[in-house]
Each structure stands twice: as structure tokens, then as C-alpha cells.
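> One structure, as C-alpha cells, below. Some questions next.
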């Protein structure tokens, strides 16, 4: 092998080259280690997704079970608390990962997540303010989930431009797989019932509400072990050459970050953040409202809502994996931007179909008949005294139940299918485009801001939909969502030519 004159040293198993202050590694073992580490990030994303979705369908009935004063509006705050915690933590973990080994913020965040899930399993225990304890527990779980920025920045920095779309699709596929197993495990654990098993030694009630959180905590412990034992620091340029970044920490530590000529298109960065905000906002609305909507429209009990929505979300997750497999092929043929545009249109169609139509009305709680005509002078039914029956149907306190047409199960399922195709495509394409726009520069902080943007959406989305849905009903809530999606389509169309890769923008790689 011919060794160039700029080479600073040569070892038996690998070649280390010094060029312009950057250490470039050509090493088969390092490449295998790089992909092992990327797969640990896949698994970390998978476990993070499982840890979130495994409780999402049971939050509402658990909240009502531990605190009768909680209403749908407070549910919005509980769901939003996760995203609020993630929004605050993501840029901080991203900044940490830019200057220190990524193992540190990952282990710290996962430990917070484990502790928060154990706390969540005990929120029924205090004699009062149980709903506040649940709010705090979900906030801490969200803080732990701030490591998503670290995970995505690691994968973006450890893959070449050619590998990026496939790697990001795999990462999102692992996230979708977590969406499958999370609700599926919740559905299985729902058979433990509300009573469950008491472990008196530690004052723990293991039931359909607490068992998923405890299982998520166990997954977190496994995750910590994998990060400590397997993860290694790797960084490559757009062409796939291995580079030791600033947070590389073996004996031959490098203290100088790679310097790359050219500036980042900040308008494209801002546009990507806005689009990602919209994508996460609309999905947060969908996942928040699914349980209350199904209980109101289909007269499901709490247990039925947890079980059936768990199955539906698991099916959507399975659908998402198929979408990711197709996306990797289609993206190579038509590009990232057309896929993003098309998937936004699919999401619009999904929410448009979910709008209530017709002249059939939902069953009202405590009413023995279903309203088939527009009520004019009907008085809202009141719950009977001294009954242990669980009320089913649309609560009369929500006045829109009396005049808003029912949403049929066929509408609900069709909407699920369309959103199940559109959302995962939007998710992976937005992340892929964003990482390409940033190029080979350190992405920890930028990914932190993108994650914070999504977390902000997941904070506002549940609060928005829980209030609008409770006060005005599904027609207003989903009409506003349709308008927001159309605005995102217009923005993407206007900024279409600017959403290109860093290397393409600076003429180093042909699009």
C-alpha cells in the first residue's frame, strides 16, 4: 500500500492520517465498531419508544382511577408534560454531547427515565394531589427522553451522505417497532385488571396501569448496560471517511473538532424546524385524543378503550415499519422532498375523513337510547345515585355531544390507516433532510433544537386538542388541524428549492 506523505502514523491494524487538523481513520475494525454503535442507537430509540407508548393508552383511565377530579383538559397537560420535559432537556443533552462523550448524556437521561417510570407506578399511593404526582412523573419521563437528540445526532454524524437516508429510516423503523410493542404489551398487561397483584413489602400495586411503567423501567436498565458496554464514539464525513470528533475519548484523544468550509442555510434550518413542529403537533393531537374520542363515540369502557386502542396503535406501528422499508427504496428514486410533500397530503386526508358528518348522534352517558335526530329541547341526562356502573358514551357535560354527529368506527380506522402512512414518512424525511442540510458540522445542538421543536409541538398539541375537543368538539378540533396541515404544505412548496443537502448547496456533491 502506498502511504501518502501527509500521514502522521501507521499501525499494523489501521492507518491514521492527519489532514488539516482532522484525524481520518481507515480501519475495518473501526467500521464494524461504528455499525455496532449505530445499532445500539437503534435499540436505544426502540426502547425509548416502547417506554412512551407502553402507557399512552392507559394514562386517561389511570388518571380517572387515582383522581376523580381530573378531566380531559388536565389529561392534555399530563400528556404534554412528557413533551415539555423533552423540550427543555433536548438542547441541553445535545450541547453536552457536542463537548463530551455521548455515553455520558445517554446514561444520565436513561437513568432519569427509569426513576421516573418507577415514580409513575407509585402515583396512586399519596393520599392527595395524585394527578399532580402523575404530571411530575410524566415530566421527568420526558426529560429522560431528551436523549433522542443525542441518538439522532450520533447516527447523523456516524453515517455518510449516501448512508444517511437508510440509517435514519432504520432509526425511525426501530421507533415504529417500539410503537408496535408498546401498545401491544399494554393490551396484554390490561388483563391484569385494575386490581392486579399487591406487593406489600414495597407497597406496590402491580396492575394494568402500573405494570407497563415498571416494564419500561426494566427496559431502561438494559439500555444503560448496552450504552456502557457496546457504544463507541465515531464520526464520518459526507463521503464516509472516519474522523475522530471532539468527543472521541480513547488514549489518542483529539481535542480539535473538524473544521468544514461553508455555512449552514439558516432559513432552511428554520423551515425544517417549523415543518417538524407541525408534523409532531398533528400526531400529538391524534395520539392524545384517540382514547377519549373512542370512549365518547363508541361507548367503550376504560378497559375496552385501553385494549382496543392498544391494538390499533400496534397495527399503526406495524404499518409504519412497512412504510419505512418502502421509503428507503422510493426516496432513492424520487428524492426526500417529494415524499415529504406527499405524506403531508395524506395526513390532511386522514384528518379530513375524521370530521363528523351525517345526522346520527353519539350515545349520551346514562341515556338508554341513541339520538338519531337533532335534539332541540332535550335535557342532559344525569347520573343515577348509588350506582357502581361505569358510565359509557359521550358525557353530557360536553354540550357538543348533543348536536355533533357521531364519528363512525369506519372513519376512525380509515383515518388511522392514512395517518399511519403519512406520519412515519414525514418523520423520517424531515429528520433526513435536516441532517443533510446541516452537513458534516457537529449536529448535537441543532438536533437538540429540532427535538425541542417537536417537543414543543407535543406540549401544545395535547393542551390544544384537550381544550378545544372538550369545549367545542371534534368538528372544530379537526378542522383547525386540517388548516394547519395545509399551511405546512404551502410552506414546504415555497421553500422547496432551499431544502437541499449541505454538500449539494456548496457544490461538493451532485444532487
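The backbone N, Cα and C atoms fix where each Cβ goes, and this holds for glycine too.
These figures come from a predicted structure and were not determined experimentally.
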> Transmembrane segment per TrEMBL sits at which of 19-38, 239-258, 339-358?
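Residues 339-358 are the ones TrEMBL records as transmembrane segment.
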> Can you say which of 40-62, 362-384 is given as transmembrane segment in TrEMBL?
40-62
> For the transmembrane segment (40-62), name the stretch out of 106-123, 135-155, 209-231, 306-327 with the most CB-CB pairs under 8 Å.
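Between the candidates 106-123, 135-155, 209-231, 306-327, the best contact partner of the transmembrane segment (40-62) is 209-231.
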> Report, as numbers and ranges, every residue of the chain located at least six residues beyond the transmembrane segment (306-327) whose Cβ falls under 8 Å of a Cβ in that stretch; write 'none' if there are none.
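For the transmembrane segment (306-327), the sequence-distant neighbours (Cβ-Cβ under 8 Å, at least 6 residues beyond its ends) are 53, 56-58, 61, 169-170, 172-173, 176-184, 186-187, 190, 208, 287, 290-291, 294, 300, 339, 413, 416-417, 419-421, 423-425, 428-429.
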> Taking every residue in the domain 'Major facilitator superfamily (MFS) profile' (37-505), what is their average pLDDT?
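On average, pLDDT over the domain 'Major facilitator superfamily (MFS) profile' (37-505) sits at 82.
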> Mind checking which residues reach the transmembrane segment (106-123)? Cβ under 8 Å, same chain, six or more beyond either end.
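Beyond its ends, the transmembrane segment (106-123) has Cβ neighbours at 44, 48, 51, 55, 66, 89, 93, 130, 133-134, 136-138, 140-141, 143-147, 150-151, 203-204, 210, 213-214, 216-217, 220-221, 223-224, 227-228, 231.
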> Compare 74-94, 135-155, 209-231, 267-286, 476-496 by their Cβ pairs under 8 Å to the transmembrane segment (339-358) and return the stretch that comes out on top.
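When the Cβ pairs under 8 Å are tallied, 476-496 comes out ahead.
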